[in-house]
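**Q** Please see the structure below; I have some questions.
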Amino acid sequence: MMGANSTEWHGQSVEQVTELLGTDVERGLKESVVGQLQKQFGPNELKGQRGVNPWKVLLAQFTNGLTVILLIATVVSFAVQDHAEGGVLAFVIIFNASVGFVQEYRAEKTMDALRRMASPTAKVIRDGGLDRISSPGVVPGDIIVFEVGDVVPADCRLIEVLNLEVDEAMLTGESLPVAKTVEAIKGENATVGDRLNMVYSSTILTKGRGKGIAVATGMSTEIGKITKSISETGQSSTPMQKRLNRMAYILFGISLVLAVIVFAVNKFEFNTDIIIYAVSLGIAVIPEGLIAVITIVMALGVRRMASQQALVRKLVALESLQAVTNICSDKTGTLTQGKMTVTTLWLPGMEDQYSISGNGWETSGEISVREQPIDAQECLSDLRFRLLVECSALCNTANIVEASEGKVWGDPTEIALQVLAYKLQMGKPSFRSRKEPITEYPFSSAEKRMSMLYRDVERDAFEIYTKGAENVLAICDRLLEKGEEVEISSRDEFMQSVSAQIQIMAKQGLRVLVVAYRTVSEKEMAKSVSKWERVDVERNMTFLGLVGIRDTPRPESRIAVDQCYEAGIIVHMLTGDHHDTALAIAREVGIIRPAPNSADESVVPMSNPVMTAAEFDALSEEQIDDLNELPLVIARCTPATKVRMIEALHRRKKFAAMTGDGVNDAPSLKKADVGIAMGAGSDVAKQSSEIVLTDNNFATIVMAVSEGRRIFSNIRKFILHLVSTNVGEVIVLIIGLAFKDRNGVSVFPLAPVQILFMNMVTSTPPAMALGVEAASKDTMKVPPHTKGLFGKEVLADMMVYGIIMGSLILVDWVLVIYAFGDSQLGLECNSDRMLNECNTVFRARSTIMVALIWMLLLHAYNCRHPRASLFTAEGGGASKLFSNRLLVWSVLLGSLMPIPTVYIPTLNTKIFKQETISWEWSIVVVSVVAFFFLSELYKLIKRNVMTSRVI
């Protein structure tokens, strides 16, 4: 193989390209050589897409407001010769940065891996088989298969095209899609835009299908040469992260104000003791472990969702999911199984219908009318029946290798039609010797139909096969009667008859396709097929009949929709189906429900539960806004209608999730608050989304919403836990300014290292445990959260619990020093220089540190539920006390951690500025019990006074 990335491939013939690259257009590369080629040419990636930069992650650990305060405190401590405290602060910073770096780096790597899993894929032929691989695995020589909506994975020389058009705007600036060909382009100076036999990496297929040979990959592609990609290369901070960063800098400002207050109270004497007191206040303001805990919790949430088939591409989705009020879902493959089956056929003039048996993709089945079996050959003797089945097989791009083993490829609707043909031994392969494919007019949302043109070798004629929605009837002007084509005598009667049958089938929950065909002589076709416009081909068609396709709802869809309604989430179904088909499926899965106290399913509690796209789009924005409720179902939905639906929801201040899989769904996915792409959907849809569902299942969306709510609820829990502790510490230190020694210097009740020990060592583990708390039973039984992270109740809880802690700790301080002590605050007790003078103060510090640690550990159980008592199961009573093992161990071990700091010599006096205690333990126990009962009293007041849900 020659240098694959350096040849003028557009000037070579297909045979020359395959020879130069050592590949085969039918069988592709051998797997045995792929590894060697990957080593030779490297991964098919742009440099900007390569992983996570560890240096940026490390730098981020030192640039947030919380760490800045600790760095300043460290510098100040060393400046006043308090090396012990400065050393501890430096250790805390390094430890915190290390933990943060490891966890954030892992989180970024996880997100990077998930983005790659949801990144563009490529369908390649290797060793004669068709495989879907990740785009980075493509190598020069790979045979790539393209379909509408695909993002081209590499620069490719085309070898087969069917109506292929590509959007190259991001590469060439050409605003219109470019029609492609396979003929060699002569001329050395052909520009990228003139190389019509080439498709380029990152461009998008907008029409048709084809095959190509990968000739350049990675940075050797045209897009690589200009180092530009449509794929994302980075991940910006989420709104929550931005809010928390803002909070950090607000706290930084508060710490500066508090430092000024300390100096002002002490008449701006900048001696060592006063400076250390200011440092203590600065440290007390900061919940040091907050950012790391949030990062870890969100990373665990991403992994948990990935294990349940939901790949999170952007962290913002985790925050957005908890606020979702409306879900706009596709039907096919999402609410339903996606394994469509043809169950009904109808021919013009029939009073009954043909029923076709067989489940899913089984290629065996029987034909019956009114449950009476009919011989297949007898049916095929009717030219209308035979042509209808022939159209099902040939107006079709699906391939079936072994349906029973799931070896099928193509659109679910087309697979169903192909399976029908196989049941009657008329699959596409049976026509290969007689029918030569010429061109394809693919399905589009505008025409809502698809046609394929074949040349009948035996008859020297051309045949056009068409299938699609009801509007196919508009291009039909003939019927088959007794094997002869006749013009439709009465257009009105014809339309009325067929429309009535469509409605009957639609009410059975069937998707109905209209099937038609046309024969054109070779003489007429000699006008040059390639120049025929679609409008000229799809006319004067002969109507053959109707095909009814059943797409069985997933068993879990009804349960998931019920969960949404319990959670205050409205589900909308946006489908391309007929009005009555959509209505039948919507009732079956529970989207449309009978009015309360009504046994009649046709009576629903709203005036317009189902609208067609035409009806919805005919309304102005003002008329849509005047509707009491938006429709639950939109039938015959188009991508443009999806966008209008999202806009209408936004005008009503709703928070919407939207599903999609096609290239035309990208605008609505981007417009939605949460875009959810299907794993089997187009690459463009995936890149426009925040979440990709690998199982295409509606129940997975509901799981994701539940997980988003769980994560959001847990973040509120541990923020409440951490910040209320900080409030208590600040209260103690602010009021502590009033306690002055003989020199008039304020004596801090809590030393800086004590505060760091509480905030980092004993407070962070239970906060982490709260972050992984299991979802409560009412997670999906309350309306969506719309008040943000810091609602009024959360802020009130932070202040009340902080005030309770701070007040009890101050009482303990006063009791140890004044009630049972010598009432002396000593001299220079903010340092360890005068230990003999500071025994009482140091014992008081030990007492209040242990008491505060035990309070904050007990407070973790308070935070599990905002109002429920600890005596109840809901609030974490006996039945739930040990349900969160991480929390149990955090509390048990945390309660023992202060003991060594109190009793180990030198560590207690030199580092923690405290002393051993004895009888003071009784004060600790009493104050912790008091905190427990005061917390219960506060919750009791909330339960009796506040009747609304948590805000």
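Keep in mind that glycine also has a Cβ here, set from the backbone N, Cα and C atoms.
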**Q** Based on Swiss-Prot, do Gln81 and Asp741 face the same side of the membrane?
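**A** For Gln81 and Asp741, the topology recorded in Swiss-Prot gives the same membrane side.
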**Q** Going by the Mg(2+) site in Swiss-Prot, where Asp330, Thr332 are listed, which of the candidates Asp24, Asp625, Asp626, Asp661 is also part of it?
**A** Asp661
**Q** In DSSP terms, helix, strand or coil for Lys642 (ATP binding site)?
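**A** Assignment for Lys642 (ATP binding site) reads helix.
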**Q** Are the transmembrane segment (917-937) and the transmembrane segment (800-820) close enough to be called in contact, which here means at least 3 C-beta pairs under 8 A that are separated by 6 or more residues?
**A** yes
**Q** Among 248-268, 274-294, 744-764, 800-820, 841-861, which stretch has the most Cβ pairs under 8 Å to the transmembrane segment (886-906)?
**A** 841-861
**Q** With every protein chain in view, how many other Cβ atoms are within 10 Å of the Cβ of Asp577 (ATP binding site)?
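**A** Around Asp577 (ATP binding site), other Cβ atoms within 10 Å: 26.
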**Q** DSSP-wise, what's the residue breakdown of the topological domain 'Cytoplasmic' (765-799) into helix, strand and coil?
**A** 15 helix, 0 strand, 20 coil
**Q** Within 10 Å of the Cβ of Thr575 (ATP binding site), how many other Cβ atoms can you find? Include all protein chains, please.
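**A** By my count, 23.
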**Q** Tally every other Cβ atom lying within 10 Å of the Cβ atom of Thr332 (Mg(2+) binding site).
**A** 22
**Q** In whole Å, note down how far the CA of Thr332 (Mg(2+) binding site) lies from the CA of Lys467 (ATP binding site).
**A** 18
